[in-house]
Amino acid sequence: EEIQRETTYPDGKVEKVLKNGCHLVFFPNGTWKKVGSDGKTVTITFFNGDVKQVMPDQTVIYYYADAKTTHTTYSDGLEVLQFSNGQIEKHYPDGKKEITFPDQTIKNLFTDGQEESIFPDGTIVRIQRDGSKTIEFNNGQRELHTSQFKRREYPDGTVKTVYMNGQQETKYVSGRVRVKDKDGNIIMDTKL
C-alpha cells in the first residue's frame, strides 16, 4: 500500500499512515501494530511471534506462537482455546467448561462439580459431586459405581451388583436371585 505520511518519534517508534486509511506503528523491540481503516480492527504482532487481534465486535483473538495455541474471547464472555494437538476448550461465562479432545471425546465440567464425558463410541460417563459414577454403554448396558458397590444393569433387566467386600448378587428378570461370596462360591440361589 502507498504511504500517505510517515512519522519517526524520539523513542524510535515509527508510524506510517497508508492511503487506504490503515495505520502501522513499528516499535524498536520488533513489535508492530496495524489499525485497520475502520479504526476498530487492531492487530498487534509481538516481537516473540504472538499475535493479538481485536475485532470490531470486541472479540479478541490471541495467538501464542510458542505454544501454537489460539485463545479467543468473545464479547459475551465465552472463551475458546484451540491447542496445536487439536484439543478445544470452551469456557462459558457461567463457569461451565467443555473440552473436546483430539479423539473427539467431549468432557463437560459443570459449576456444581459434576462431570460428563461423551466418548466417540457413544459411551457416556457421568461423575457426581460425591464421586459416584454412572456409565451408559452404547449397547444399552448401564453401570453405577459408588463407594459401596458396582452395579451393572443389562438391557434384558438383569442386574449384577459387586459389593466392596467382593460379594456378588445377580437379580434376573424372572425373579431369580443368585448370591456368590468373594471367592465365587454360590451362597444363595433362588431358582424358580
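Cβ coordinates are placed from backbone N, Cα and C, and glycine is handled just like the others.
These come from TrEMBL:
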DOMAIN    4-34  domain 'Centromere protein J C-terminal'
DOMAIN    76-103  domain 'Centromere protein J C-terminal'
DOMAIN    111-145  domain 'Centromere protein J C-terminal'
DOMAIN    149-179  domain 'Centromere protein J C-terminal'
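Looking just at the domain 'Centromere protein J C-terminal' (111-145), the mean pLDDT is 96. Sorting each residue of the domain 'Centromere protein J C-terminal' (4-34) by its DSSP state yields 0 helix, 17 strand, 14 coil. The residues of the domain 'Centromere protein J C-terminal' (111-145), classed with DSSP into helix (H, G, I), strand (E, B) and coil, number 0 helix, 16 strand, 19 coil.
Within the domain 'Centromere protein J C-terminal' (149-179), the DSSP-based counts of helix, strand and coil residues read 0 helix, 17 strand, 14 coil.
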